[in-house]
2 protein chains.
Amino acid sequence: MSAERAFVDSLKALASDPAARGLVDDCAVLEIGGETLVLTHDMLVEGVHVPMGADPADVAWKLVACNLSDLAAKGARPLGVLVGHMLGGDDARFAEGLGEVLSRYGVPLLGGDTVSGQAPRSWGLTAVGRATYRPVPSRAGAQPGDAVWITGPVGAAMIGFEGLRDRTGGDSTAYRRPAPRLAEGEALAPLASAMMDVSDGLLLDASRMAEASGVTFAIDSAAVPIAAPEARRADALRWGDDYELLATLPAGVEPPFEAWRIGEVLPQGEAPLLLDGEPPEGSLGYEHG
Amino acid sequence: MSAERAFVDSLKALASDPAARGLVDDCAVLEIGGETLVLTHDMLVEGVHVPMGADPADVAWKLVACNLSDLAAKGARPLGVLVGHMLGGDDARFAEGLGEVLSRYGVPLLGGDTVSGQAPRSWGLTAVGRATYRPVPSRAGAQPGDAVWITGPVGAAMIGFEGLRDRTGGDSTAYRRPAPRLAEGEALAPLASAMMDVSDGLLLDASRMAEASGVTFAIDSAAVPIAAPEARRADALRWGDDYELLATLPAGVEPPFEAWRIGEVLPQGEAPLLLDGEPPEGSLGYEHG
(Lines of atoms letter the chains of each structure in order from A and count residues from 1; the text may use other names and numbers.)
(Lines give C-alpha, C1' and ligand atoms only; values in the text may rest on other atoms or scores of the structure.)
Protein backbone atom coordinates (compact mmCIF):
# COMPACT_ATOMS: atom_id res chain seq x y z
CA MET A 1 0.00 0.00 0.00
CA SER A 2 2.68 2.52 0.82
CA ALA A 3 4.28 2.04 -2.60
CA GLU A 4 0.94 2.50 -4.26
CA ARG A 5 0.06 5.50 -2.12
CA ALA A 6 3.37 7.18 -2.85
CA PHE A 7 2.99 6.50 -6.56
CA VAL A 8 -0.57 7.74 -6.67
CA ASP A 9 0.53 10.83 -4.76
CA SER A 10 3.21 11.40 -7.40
CA LEU A 11 0.61 11.00 -10.10
CA LYS A 12 -1.74 13.38 -8.38
CA ALA A 13 1.03 15.93 -8.22
CA LEU A 14 1.38 15.55 -12.00
CA ALA A 15 -2.26 15.96 -12.71
CA SER A 16 -4.02 19.26 -12.45
CA ASP A 17 -7.35 19.43 -10.67
CA PRO A 18 -9.92 18.26 -11.65
CA ALA A 19 -7.96 16.01 -13.96
CA ALA A 20 -6.49 14.27 -10.93
CA ARG A 21 -9.97 13.22 -9.98
CA GLY A 22 -9.72 9.99 -11.92
CA LEU A 23 -6.87 8.83 -9.72
CA VAL A 24 -8.90 9.37 -6.58
CA ASP A 25 -12.34 8.70 -7.79
CA ASP A 26 -11.97 5.82 -10.28
CA CYS A 27 -13.26 7.76 -13.28
CA ALA A 28 -12.05 10.69 -15.30
CA VAL A 29 -14.54 13.26 -16.50
CA LEU A 30 -13.90 15.08 -19.77
CA GLU A 31 -16.07 17.83 -21.24
CA ILE A 32 -16.22 17.82 -25.03
CA GLY A 33 -18.63 19.24 -27.57
CA GLY A 34 -21.25 19.98 -24.93
CA GLU A 35 -21.17 16.38 -23.72
CA THR A 36 -19.54 14.96 -20.63
CA LEU A 37 -17.47 11.85 -21.14
CA VAL A 38 -16.63 9.51 -18.31
CA LEU A 39 -13.54 7.33 -18.73
CA THR A 40 -12.16 4.59 -16.57
CA HIS A 41 -9.24 2.19 -16.84
CA ASP A 42 -8.77 -0.91 -14.70
CA MET A 43 -6.20 -3.66 -14.95
CA LEU A 44 -6.56 -7.29 -13.85
CA VAL A 45 -3.57 -9.43 -12.91
CA GLU A 46 -3.55 -13.23 -12.69
CA GLY A 47 -3.10 -14.35 -9.13
CA VAL A 48 -4.07 -10.91 -7.79
CA HIS A 49 -7.50 -10.02 -9.17
CA VAL A 50 -8.39 -13.29 -10.85
CA PRO A 51 -7.23 -16.77 -9.81
CA MET A 52 -4.35 -18.36 -11.70
CA GLY A 53 -5.94 -20.69 -14.23
CA ALA A 54 -9.28 -18.88 -14.27
CA ASP A 55 -11.47 -19.46 -17.30
CA PRO A 56 -10.35 -16.74 -19.76
CA ALA A 57 -14.00 -16.08 -20.59
CA ASP A 58 -14.60 -15.19 -16.94
CA VAL A 59 -11.50 -12.96 -16.94
CA ALA A 60 -12.85 -11.07 -19.94
CA TRP A 61 -16.26 -10.75 -18.30
CA LYS A 62 -14.83 -9.41 -15.06
CA LEU A 63 -12.48 -7.04 -16.89
CA VAL A 64 -15.40 -5.43 -18.69
CA ALA A 65 -17.82 -5.61 -15.77
CA CYS A 66 -15.54 -3.92 -13.23
CA ASN A 67 -14.99 -1.00 -15.61
CA LEU A 68 -18.68 -0.73 -16.53
CA SER A 69 -19.40 -0.68 -12.81
CA ASP A 70 -17.20 2.41 -12.50
CA LEU A 71 -19.29 4.03 -15.23
CA ALA A 72 -22.49 2.93 -13.47
CA ALA A 73 -21.37 4.76 -10.35
CA LYS A 74 -21.21 7.94 -12.44
CA GLY A 75 -24.60 7.43 -14.03
CA ALA A 76 -22.79 7.09 -17.35
CA ARG A 77 -24.04 5.11 -20.33
CA PRO A 78 -21.25 3.07 -21.96
CA LEU A 79 -20.14 4.13 -25.45
CA GLY A 80 -17.50 1.46 -25.88
CA VAL A 81 -14.37 -0.18 -24.56
CA LEU A 82 -10.75 -0.64 -25.58
CA VAL A 83 -9.14 -3.88 -24.43
CA GLY A 84 -5.49 -4.67 -23.76
CA HIS A 85 -5.06 -8.44 -24.01
CA MET A 86 -1.95 -10.43 -23.19
CA LEU A 87 -1.91 -13.40 -25.55
CA GLY A 88 -1.42 -16.91 -24.25
CA GLY A 89 -3.60 -19.57 -22.81
CA ASP A 90 -6.93 -19.79 -24.52
CA ASP A 91 -7.36 -16.57 -26.45
CA ALA A 92 -10.44 -17.84 -28.28
CA ARG A 93 -12.12 -18.42 -24.93
CA PHE A 94 -11.18 -14.89 -23.84
CA ALA A 95 -12.74 -13.52 -27.02
CA GLU A 96 -15.85 -15.60 -26.35
CA GLY A 97 -16.29 -14.17 -22.85
CA LEU A 98 -15.60 -10.70 -24.15
CA GLY A 99 -18.31 -11.15 -26.74
CA GLU A 100 -20.74 -12.37 -24.10
CA VAL A 101 -20.29 -9.48 -21.71
CA LEU A 102 -20.29 -6.83 -24.43
CA SER A 103 -23.41 -8.30 -25.94
CA ARG A 104 -25.10 -8.56 -22.54
CA TYR A 105 -24.60 -4.83 -21.91
CA GLY A 106 -24.86 -3.67 -25.52
CA VAL A 107 -21.40 -2.13 -25.51
CA PRO A 108 -19.26 -1.95 -28.68
CA LEU A 109 -15.63 -2.98 -28.76
CA LEU A 110 -13.83 0.10 -30.08
CA GLY A 111 -10.27 -1.14 -30.25
CA GLY A 112 -7.30 -2.17 -28.21
CA ASP A 113 -4.01 -3.96 -28.31
CA THR A 114 -2.69 -7.50 -28.11
CA VAL A 115 0.75 -8.27 -26.72
CA SER A 116 2.74 -11.38 -26.01
CA GLY A 117 3.71 -12.10 -22.43
CA GLN A 118 3.87 -14.84 -19.88
CA ALA A 119 2.27 -15.80 -16.57
CA PRO A 120 1.25 -14.07 -14.44
CA ARG A 121 -0.60 -12.35 -17.26
CA SER A 122 -2.39 -9.05 -17.09
CA TRP A 123 -5.14 -7.30 -18.96
CA GLY A 124 -6.32 -3.73 -19.17
CA LEU A 125 -9.57 -2.20 -20.21
CA THR A 126 -10.69 1.34 -20.81
CA ALA A 127 -14.40 2.03 -20.78
CA VAL A 128 -15.80 5.24 -22.20
CA GLY A 129 -19.25 6.46 -21.29
CA ARG A 130 -21.51 9.46 -21.69
CA ALA A 131 -22.82 11.14 -18.57
CA THR A 132 -26.60 11.00 -18.45
CA TYR A 133 -26.81 13.53 -15.64
CA ARG A 134 -24.63 16.49 -14.75
CA PRO A 135 -22.92 17.22 -12.50
CA VAL A 136 -21.55 13.68 -12.58
CA PRO A 137 -21.92 12.13 -9.09
CA SER A 138 -18.71 11.82 -7.13
CA ARG A 139 -17.94 10.10 -3.87
CA ALA A 140 -17.34 13.44 -2.19
CA GLY A 141 -20.85 14.90 -1.94
CA ALA A 142 -22.45 13.14 1.03
CA GLN A 143 -24.08 15.59 3.48
CA PRO A 144 -25.04 15.15 7.12
CA GLY A 145 -28.69 14.16 7.25
CA ASP A 146 -28.51 12.11 4.02
CA ALA A 147 -29.43 8.45 4.13
CA VAL A 148 -27.01 5.74 2.95
CA TRP A 149 -28.40 3.28 0.41
CA ILE A 150 -27.15 0.14 -1.31
CA THR A 151 -28.63 -1.35 -4.48
CA GLY A 152 -28.38 -5.01 -3.49
CA PRO A 153 -26.84 -7.61 -1.23
CA VAL A 154 -23.16 -8.10 -0.48
CA GLY A 155 -21.51 -11.45 0.07
CA ALA A 156 -22.57 -13.26 -3.09
CA ALA A 157 -19.12 -12.91 -4.64
CA MET A 158 -17.52 -14.16 -1.41
CA ILE A 159 -19.70 -17.27 -1.40
CA GLY A 160 -19.02 -17.80 -5.10
CA PHE A 161 -15.28 -17.45 -4.60
CA GLU A 162 -15.25 -19.87 -1.69
CA GLY A 163 -17.29 -22.38 -3.65
CA LEU A 164 -14.74 -22.28 -6.47
CA ARG A 165 -11.79 -22.43 -4.09
CA ASP A 166 -13.23 -25.34 -2.11
CA ARG A 167 -14.69 -27.07 -5.18
CA THR A 168 -18.08 -27.36 -3.56
CA GLY A 169 -19.85 -27.13 -6.91
CA GLY A 170 -21.84 -24.16 -5.61
CA ASP A 171 -22.93 -21.37 -7.90
CA SER A 172 -19.94 -19.07 -8.46
CA THR A 173 -21.58 -16.81 -11.02
CA ALA A 174 -21.65 -13.76 -8.75
CA TYR A 175 -17.87 -13.97 -8.32
CA ARG A 176 -16.95 -14.92 -11.89
CA ARG A 177 -19.43 -12.77 -13.75
CA PRO A 178 -20.42 -9.72 -11.73
CA ALA A 179 -23.21 -7.52 -13.04
CA PRO A 180 -22.57 -3.77 -13.23
CA ARG A 181 -25.61 -1.80 -12.05
CA LEU A 182 -25.85 0.46 -15.08
CA ALA A 183 -29.60 1.08 -14.99
CA GLU A 184 -29.52 1.71 -11.24
CA GLY A 185 -26.62 4.15 -11.66
CA GLU A 186 -28.50 6.14 -14.27
CA ALA A 187 -31.61 6.24 -12.09
CA LEU A 188 -29.66 7.32 -8.99
CA ALA A 189 -27.41 9.92 -10.62
CA PRO A 190 -29.97 12.77 -10.47
CA LEU A 191 -30.91 11.88 -6.87
CA ALA A 192 -27.64 10.98 -5.17
CA SER A 193 -25.43 13.41 -3.30
CA ALA A 194 -22.58 10.88 -3.58
CA MET A 195 -22.20 7.52 -5.31
CA MET A 196 -19.59 4.81 -5.86
CA ASP A 197 -19.48 1.11 -6.55
CA VAL A 198 -18.69 -1.40 -3.82
CA SER A 199 -15.72 -3.21 -5.29
CA ASP A 200 -13.37 -3.51 -2.32
CA GLY A 201 -15.82 -4.26 0.47
CA LEU A 202 -18.81 -2.33 1.80
CA LEU A 203 -17.17 -1.08 4.99
CA LEU A 204 -13.96 -0.01 3.25
CA ASP A 205 -15.75 1.73 0.40
CA ALA A 206 -18.23 3.38 2.77
CA SER A 207 -15.30 4.60 4.84
CA ARG A 208 -13.65 6.03 1.72
CA MET A 209 -16.83 7.80 0.67
CA ALA A 210 -17.23 9.29 4.14
CA GLU A 211 -13.62 10.48 4.15
CA ALA A 212 -13.94 11.97 0.66
CA SER A 213 -17.10 13.78 1.76
CA GLY A 214 -15.74 14.97 5.10
CA VAL A 215 -18.51 13.27 7.06
CA THR A 216 -19.10 10.16 9.15
CA PHE A 217 -21.26 7.27 7.97
CA ALA A 218 -23.29 5.41 10.60
CA ILE A 219 -24.09 1.97 9.16
CA ASP A 220 -26.62 -0.37 10.74
CA SER A 221 -25.14 -3.80 10.11
CA ALA A 222 -28.49 -5.59 10.42
CA ALA A 223 -29.95 -3.39 7.69
CA VAL A 224 -27.40 -4.48 5.11
CA PRO A 225 -28.80 -7.14 2.77
CA ILE A 226 -26.46 -10.09 2.51
CA ALA A 227 -26.35 -13.01 0.11
CA ALA A 228 -24.58 -15.29 2.59
CA PRO A 229 -25.39 -17.21 5.76
CA GLU A 230 -26.12 -14.93 8.74
CA ALA A 231 -23.01 -16.27 10.46
CA ARG A 232 -20.94 -14.72 7.67
CA ARG A 233 -22.48 -11.25 7.96
CA ALA A 234 -19.28 -9.62 9.24
CA ASP A 235 -17.29 -11.16 6.37
CA ALA A 236 -19.89 -10.21 3.78
CA LEU A 237 -19.63 -6.57 4.86
CA ARG A 238 -15.88 -6.69 4.22
CA TRP A 239 -15.68 -8.76 1.04
CA GLY A 240 -15.43 -7.04 -2.33
CA ASP A 241 -16.34 -7.88 -5.90
CA ASP A 242 -20.10 -7.50 -5.53
CA TYR A 243 -20.31 -4.29 -7.54
CA GLU A 244 -23.48 -3.01 -5.94
CA LEU A 245 -23.81 0.78 -5.83
CA LEU A 246 -23.48 2.70 -2.60
CA ALA A 247 -25.24 6.07 -2.68
CA THR A 248 -26.26 8.81 -0.31
CA LEU A 249 -29.63 10.45 -0.88
CA PRO A 250 -31.17 13.42 0.91
CA ALA A 251 -33.62 12.48 3.66
CA GLY A 252 -37.02 11.68 2.22
CA VAL A 253 -35.71 10.83 -1.25
CA GLU A 254 -36.02 7.17 -2.19
CA PRO A 255 -34.51 5.28 -5.10
CA PRO A 256 -37.04 4.55 -7.89
CA PHE A 257 -36.37 0.80 -7.58
CA GLU A 258 -35.87 -1.67 -4.73
CA ALA A 259 -32.87 -0.64 -2.65
CA TRP A 260 -31.82 -0.86 0.98
CA ARG A 261 -31.37 1.99 3.42
CA ILE A 262 -28.41 0.90 5.53
CA GLY A 263 -27.48 3.96 7.52
CA GLU A 264 -27.22 7.69 7.75
CA VAL A 265 -24.70 10.45 7.28
CA LEU A 266 -23.51 12.32 10.38
CA PRO A 267 -21.30 15.36 10.73
CA GLN A 268 -17.63 14.39 10.65
CA GLY A 269 -16.67 12.65 13.89
CA GLU A 270 -13.51 11.00 15.06
CA ALA A 271 -13.93 8.02 12.75
CA PRO A 272 -15.22 8.12 9.16
CA LEU A 273 -17.32 5.05 9.80
CA LEU A 274 -19.47 3.77 12.65
CA LEU A 275 -20.90 0.27 12.52
CA ASP A 276 -23.76 -0.12 14.98
CA GLY A 277 -22.44 2.96 16.77
CA GLU A 278 -18.78 1.95 17.04
CA PRO A 279 -15.77 2.27 14.72
CA PRO A 280 -15.42 -1.22 13.19
CA GLU A 281 -12.38 -3.23 14.20
CA GLY A 282 -9.82 -4.91 11.97
CA SER A 283 -9.69 -4.90 8.19
CA LEU A 284 -12.56 -3.10 6.48
CA GLY A 285 -12.06 -4.74 3.10
CA TYR A 286 -9.72 -5.42 0.24
CA GLU A 287 -6.77 -3.05 0.09
CA HIS A 288 -5.37 -2.82 -3.46
CA GLY A 289 -3.77 -4.52 -4.97
CA MET B 1 1.43 -14.39 -34.98
CA SER B 2 -1.22 -16.97 -35.72
CA ALA B 3 -2.53 -16.82 -32.15
CA GLU B 4 -2.71 -13.06 -32.35
CA ARG B 5 -4.26 -13.12 -35.80
CA ALA B 6 -6.91 -15.59 -34.71
CA PHE B 7 -7.66 -13.58 -31.60
CA VAL B 8 -7.86 -10.32 -33.48
CA ASP B 9 -10.13 -11.98 -36.01
CA SER B 10 -12.37 -13.10 -33.14
CA LEU B 11 -12.39 -9.56 -31.82
CA LYS B 12 -13.20 -8.15 -35.22
CA ALA B 13 -16.11 -10.54 -35.46
CA LEU B 14 -17.34 -9.13 -32.15
CA ALA B 15 -17.03 -5.56 -33.20
CA SER B 16 -19.42 -3.93 -35.59
CA ASP B 17 -18.01 -1.82 -38.39
CA PRO B 18 -16.69 0.83 -38.09
CA ALA B 19 -16.08 0.05 -34.43
CA ALA B 20 -13.74 -2.76 -35.47
CA ARG B 21 -11.53 -0.17 -37.06
CA GLY B 22 -9.53 0.37 -33.91
CA LEU B 23 -8.37 -3.22 -33.99
CA VAL B 24 -7.15 -2.88 -37.55
CA ASP B 25 -6.12 0.68 -37.66
CA ASP B 26 -4.63 1.37 -34.20
CA CYS B 27 -7.20 3.99 -33.21
CA ALA B 28 -10.89 4.02 -32.49
CA VAL B 29 -12.99 6.92 -33.72
CA LEU B 30 -16.03 7.99 -31.74
CA GLU B 31 -18.47 10.73 -32.69
CA ILE B 32 -19.91 12.65 -29.75
CA GLY B 33 -21.50 16.05 -29.30
CA GLY B 34 -20.45 17.16 -32.79
CA GLU B 35 -16.82 16.33 -32.05
CA THR B 36 -14.79 13.36 -33.21
CA LEU B 37 -12.79 11.61 -30.53
CA VAL B 38 -9.82 9.41 -31.35
CA LEU B 39 -8.88 6.77 -28.79
CA THR B 40 -5.96 4.39 -28.69
CA HIS B 41 -4.73 1.82 -26.21
CA ASP B 42 -1.27 0.24 -26.26
CA MET B 43 0.40 -2.05 -23.77
CA LEU B 44 4.12 -2.44 -23.11
CA VAL B 45 5.60 -5.64 -21.68
CA GLU B 46 9.03 -5.97 -20.06
CA GLY B 47 11.30 -8.08 -22.19
CA VAL B 48 9.05 -7.67 -25.23
CA HIS B 49 8.61 -3.96 -25.91
CA VAL B 50 11.09 -2.56 -23.40
CA PRO B 51 14.25 -4.25 -22.14
CA MET B 52 14.16 -5.99 -18.77
CA GLY B 53 15.65 -3.54 -16.31
CA ALA B 54 14.92 -0.47 -18.43
CA ASP B 55 14.80 2.85 -16.62
CA PRO B 56 11.14 3.16 -15.49
CA ALA B 57 11.19 6.80 -16.58
CA ASP B 58 11.97 5.66 -20.12
CA VAL B 59 9.21 3.05 -19.94
CA ALA B 60 6.72 5.75 -18.97
CA TRP B 61 7.97 8.01 -21.76
CA LYS B 62 7.68 5.29 -24.40
CA LEU B 63 4.24 4.22 -23.14
CA VAL B 64 2.90 7.71 -23.60
CA ALA B 65 4.82 8.48 -26.79
CA CYS B 66 3.72 5.37 -28.68
CA ASN B 67 0.08 6.15 -27.94
CA LEU B 68 0.43 9.85 -28.79
CA SER B 69 2.05 8.74 -32.05
CA ASP B 70 -1.14 6.83 -32.87
CA LEU B 71 -3.09 10.04 -32.27
CA ALA B 72 -0.61 11.97 -34.42
CA ALA B 73 -1.29 9.62 -37.32
CA LYS B 74 -4.96 10.63 -37.09
CA GLY B 75 -4.25 14.34 -36.92
CA ALA B 76 -5.71 14.26 -33.40
CA ARG B 77 -4.80 16.66 -30.61
CA PRO B 78 -4.37 14.86 -27.27
CA LEU B 79 -6.96 15.57 -24.56
CA GLY B 80 -5.47 13.29 -21.93
CA VAL B 81 -4.31 9.83 -20.99
CA LEU B 82 -5.25 7.08 -18.55
CA VAL B 83 -2.36 4.96 -17.32
CA GLY B 84 -2.34 1.38 -16.05
CA HIS B 85 0.77 0.91 -13.92
CA MET B 86 2.03 -2.31 -12.43
CA LEU B 87 3.71 -1.41 -9.14
CA GLY B 88 7.19 -2.64 -8.36
CA GLY B 89 10.69 -1.52 -9.10
CA ASP B 90 11.09 2.20 -8.93
CA ASP B 91 7.60 3.66 -9.08
CA ALA B 92 8.81 7.17 -8.25
CA ARG B 93 11.07 7.04 -11.30
CA PHE B 94 8.12 5.90 -13.44
CA ALA B 95 6.07 8.83 -12.17
CA GLU B 96 9.00 11.15 -12.96
CA GLY B 97 9.21 9.98 -16.57
CA LEU B 98 5.44 10.16 -16.89
CA GLY B 99 5.56 13.75 -15.68
CA GLU B 100 8.31 14.58 -18.16
CA VAL B 101 6.56 13.23 -21.23
CA LEU B 102 3.14 14.64 -20.30
CA SER B 103 4.68 18.02 -19.64
CA ARG B 104 6.68 17.89 -22.88
CA TYR B 105 3.51 17.37 -24.92
CA GLY B 106 1.14 19.35 -22.70
CA VAL B 107 -1.13 16.38 -22.08
CA PRO B 108 -3.11 15.97 -18.82
CA LEU B 109 -3.16 12.75 -16.84
CA LEU B 110 -6.86 11.96 -16.53
CA GLY B 111 -6.76 8.83 -14.42
CA GLY B 112 -5.84 5.20 -14.40
CA ASP B 113 -5.15 2.25 -12.19
CA THR B 114 -2.29 0.80 -10.19
CA VAL B 115 -1.96 -2.93 -9.58
CA SER B 116 0.54 -5.18 -7.92
CA GLY B 117 2.32 -7.75 -10.01
CA GLN B 118 5.70 -9.24 -10.72
CA ALA B 119 8.25 -9.41 -13.52
CA PRO B 120 7.81 -9.43 -16.41
CA ARG B 121 5.68 -6.40 -15.70
CA SER B 122 3.31 -4.71 -18.08
CA TRP B 123 1.76 -1.32 -18.50
CA GLY B 124 -1.16 0.02 -20.45
CA LEU B 125 -2.07 3.45 -21.62
CA THR B 126 -5.15 4.91 -23.23
CA ALA B 127 -4.78 8.21 -25.04
CA VAL B 128 -7.81 10.28 -25.96
CA GLY B 129 -7.63 12.96 -28.60
CA ARG B 130 -9.85 15.30 -30.55
CA ALA B 131 -9.76 15.07 -34.34
CA THR B 132 -8.60 18.36 -35.85
CA TYR B 133 -9.69 17.34 -39.34
CA ARG B 134 -12.52 15.17 -40.57
CA PRO B 135 -12.73 12.65 -42.02
CA VAL B 136 -9.99 11.29 -39.79
CA PRO B 137 -7.16 9.90 -41.96
CA SER B 138 -6.96 6.14 -42.13
CA ARG B 139 -4.37 3.84 -43.61
CA ALA B 140 -6.81 2.70 -46.26
CA GLY B 141 -7.10 5.75 -48.52
CA ALA B 142 -3.97 5.69 -50.69
CA GLN B 143 -4.74 6.13 -54.39
CA PRO B 144 -2.68 5.24 -57.47
CA GLY B 145 -0.81 8.35 -58.52
CA ASP B 146 -0.30 9.58 -54.95
CA ALA B 147 3.21 10.14 -53.68
CA VAL B 148 4.51 8.42 -50.54
CA TRP B 149 6.06 10.72 -47.91
CA ILE B 150 7.83 10.26 -44.61
CA THR B 151 8.29 12.96 -41.98
CA GLY B 152 11.84 12.08 -40.97
CA PRO B 153 14.63 9.53 -40.94
CA VAL B 154 14.39 5.92 -39.86
CA GLY B 155 17.13 4.01 -38.08
CA ALA B 156 17.77 6.34 -35.14
CA ALA B 157 15.96 4.03 -32.72
CA MET B 158 17.91 1.05 -34.06
CA ILE B 159 21.23 2.80 -33.50
CA GLY B 160 20.09 3.91 -30.04
CA PHE B 161 19.00 0.38 -29.13
CA GLU B 162 22.26 -1.12 -30.30
CA GLY B 163 24.25 1.45 -28.38
CA LEU B 164 22.38 0.53 -25.20
CA ARG B 165 22.70 -3.19 -25.85
CA ASP B 166 26.42 -3.00 -26.63
CA ARG B 167 27.12 -0.37 -23.97
CA THR B 168 28.90 1.86 -26.44
CA GLY B 169 27.84 4.98 -24.60
CA GLY B 170 26.25 6.29 -27.79
CA ASP B 171 23.15 8.47 -27.69
CA SER B 172 20.12 6.21 -27.15
CA THR B 173 17.55 8.97 -26.80
CA ALA B 174 15.75 8.13 -30.04
CA TYR B 175 15.13 4.59 -28.81
CA ARG B 176 14.33 5.39 -25.19
CA ARG B 177 12.34 8.56 -25.67
CA PRO B 178 10.71 8.65 -29.08
CA ALA B 179 8.97 11.84 -30.17
CA PRO B 180 5.43 11.57 -31.52
CA ARG B 181 4.94 13.79 -34.58
CA LEU B 182 1.83 15.56 -33.32
CA ALA B 183 2.29 18.85 -35.14
CA GLU B 184 3.17 17.06 -38.38
CA GLY B 185 0.11 14.84 -38.06
CA GLU B 186 -2.19 17.81 -37.65
CA ALA B 187 -0.62 19.53 -40.64
CA LEU B 188 -0.86 16.44 -42.84
CA ALA B 189 -4.39 15.34 -41.88
CA PRO B 190 -6.17 17.69 -44.32
CA LEU B 191 -3.75 16.79 -47.13
CA ALA B 192 -3.13 13.06 -46.78
CA SER B 193 -5.12 10.36 -48.56
CA ALA B 194 -3.73 7.84 -46.03
CA MET B 195 -1.54 8.15 -42.94
CA MET B 196 -0.04 5.95 -40.21
CA ASP B 197 2.93 5.98 -37.90
CA VAL B 198 6.00 3.87 -38.58
CA SER B 199 6.27 1.84 -35.40
CA ASP B 200 7.09 -1.63 -36.70
CA GLY B 201 9.49 -0.81 -39.54
CA LEU B 202 9.06 1.30 -42.65
CA LEU B 203 8.77 -1.57 -45.11
CA LEU B 204 6.32 -3.54 -42.98
CA ASP B 205 4.14 -0.54 -42.22
CA ALA B 206 4.24 0.64 -45.87
CA SER B 207 3.22 -2.84 -46.93
CA ARG B 208 0.30 -2.79 -44.47
CA MET B 209 -0.84 0.61 -45.69
CA ALA B 210 -0.69 -0.57 -49.30
CA GLU B 211 -2.69 -3.70 -48.46
CA ALA B 212 -5.28 -1.71 -46.51
CA SER B 213 -5.62 0.67 -49.46
CA GLY B 214 -5.72 -2.03 -52.12
CA VAL B 215 -2.74 -0.60 -53.98
CA THR B 216 0.99 -1.22 -54.42
CA PHE B 217 3.62 1.09 -53.00
CA ALA B 218 6.83 1.55 -54.99
CA ILE B 219 9.50 2.75 -52.57
CA ASP B 220 12.85 4.12 -53.71
CA SER B 221 15.25 2.94 -51.03
CA ALA B 222 17.84 5.64 -51.76
CA ALA B 223 15.21 8.33 -51.21
CA VAL B 224 14.48 7.22 -47.64
CA PRO B 225 16.26 9.42 -45.10
CA ILE B 226 18.17 7.31 -42.59
CA ALA B 227 19.78 8.18 -39.27
CA ALA B 228 22.29 5.34 -39.48
CA PRO B 229 25.45 4.48 -41.41
CA GLU B 230 24.79 3.85 -45.11
CA ALA B 231 25.86 0.21 -44.64
CA ARG B 232 22.86 -0.23 -42.36
CA ARG B 233 20.31 1.19 -44.81
CA ALA B 234 18.55 -2.15 -45.33
CA ASP B 235 18.25 -2.64 -41.56
CA ALA B 236 17.08 0.92 -40.95
CA LEU B 237 14.22 0.37 -43.43
CA ARG B 238 13.10 -2.64 -41.40
CA TRP B 239 13.61 -1.46 -37.81
CA GLY B 240 10.73 0.00 -35.85
CA ASP B 241 10.31 2.43 -32.97
CA ASP B 242 11.09 5.59 -34.93
CA TYR B 243 7.51 6.88 -34.91
CA GLU B 244 7.83 8.99 -38.03
CA LEU B 245 4.62 9.44 -40.00
CA LEU B 246 4.09 7.75 -43.33
CA ALA B 247 1.57 9.52 -45.53
CA THR B 248 0.33 9.45 -49.09
CA LEU B 249 -0.46 12.78 -50.73
CA PRO B 250 -2.00 13.45 -54.12
CA ALA B 251 0.53 14.29 -56.84
CA GLY B 252 1.56 17.93 -56.65
CA VAL B 253 0.63 18.33 -52.98
CA GLU B 254 3.57 18.85 -50.67
CA PRO B 255 3.71 18.78 -46.86
CA PRO B 256 3.93 22.28 -45.31
CA PHE B 257 7.19 21.33 -43.56
CA GLU B 258 10.34 19.45 -44.47
CA ALA B 259 9.50 15.89 -45.42
CA TRP B 260 10.81 13.25 -47.79
CA ARG B 261 9.15 11.86 -50.88
CA ILE B 262 10.15 8.21 -50.87
CA GLY B 263 7.98 6.61 -53.51
CA GLU B 264 4.71 6.47 -55.34
CA VAL B 265 1.44 4.62 -55.25
CA LEU B 266 0.70 2.21 -58.12
CA PRO B 267 -2.43 0.26 -58.95
CA GLN B 268 -2.55 -2.99 -57.01
CA GLY B 269 0.00 -5.45 -58.40
CA GLU B 270 1.09 -8.88 -57.30
CA ALA B 271 2.93 -7.56 -54.24
CA PRO B 272 1.77 -4.76 -51.96
CA LEU B 273 5.29 -3.35 -51.86
CA LEU B 274 8.08 -2.87 -54.37
CA LEU B 275 11.49 -1.73 -53.19
CA ASP B 276 13.54 -0.37 -56.06
CA GLY B 277 11.18 -2.19 -58.38
CA GLU B 278 11.23 -5.62 -56.72
CA PRO B 279 9.28 -7.19 -53.85
CA PRO B 280 11.65 -6.96 -50.86
CA GLU B 281 13.03 -10.23 -49.55
CA GLY B 282 12.99 -11.54 -45.99
CA SER B 283 11.46 -9.86 -42.96
CA LEU B 284 9.97 -6.44 -43.56
CA GLY B 285 9.94 -5.38 -39.92
CA TYR B 286 8.83 -6.16 -36.42
CA GLU B 287 5.93 -8.58 -36.26
CA HIS B 288 3.96 -8.15 -33.01
CA GLY B 289 4.44 -9.07 -30.33
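A Cβ is built for glycine as well, from the same backbone N, Cα and C atoms used for every other residue.
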Can you pick which of A:Asp90, A:Asp91, A:Asp241, A:Asp242 TrEMBL lists for the same substrate site as A:His49, A:Tyr286?
A:Asp241
Please give me the binding-site residues out of A:Thr40, A:Asp70, A:Asp241 that lie within 10 Å of A:Asp200 (Mg(2+) 5 binding site), comparing Cα atoms only.
A:Asp241
Return the binding-site residues from the list A:Asp42, A:Asp113, A:Arg139, A:Asp197, A:Asp241, A:Tyr286 for which some CB of chain B is under 8 Å from the residue's own CB; sequence order; 'none' if the set is empty.
A:Asp42, A:Asp113
Hey, how far is A:Tyr286 (substrate binding site) from A:Ser199 (ATP binding site), Cα to Cα, in Å?
8
Looking at the binding-site residues A:Asp70, A:Asp113, A:Asp197, the one with the fewest other Cβ atoms inside 10 Å is A:Asp113
Helix, strand or coil: which one is A:Asp70 (Mg(2+) 4 binding site) in, per DSSP?
helix
Between A:Asp197 (Mg(2+) 3 binding site) and A:Asp42 (Mg(2+) 1 binding site), how many Å separate their Cα atoms?
14
Return the single residue from the binding-site residues list (A:Asp42, A:Asp200, A:Asp241) that has the minimum number of other CB atoms within 10 Å.
A:Asp200
Position of peak Cβ density within 10 Å, selected from the binding-site residues A:Thr40, A:Ser199:
A:Thr40
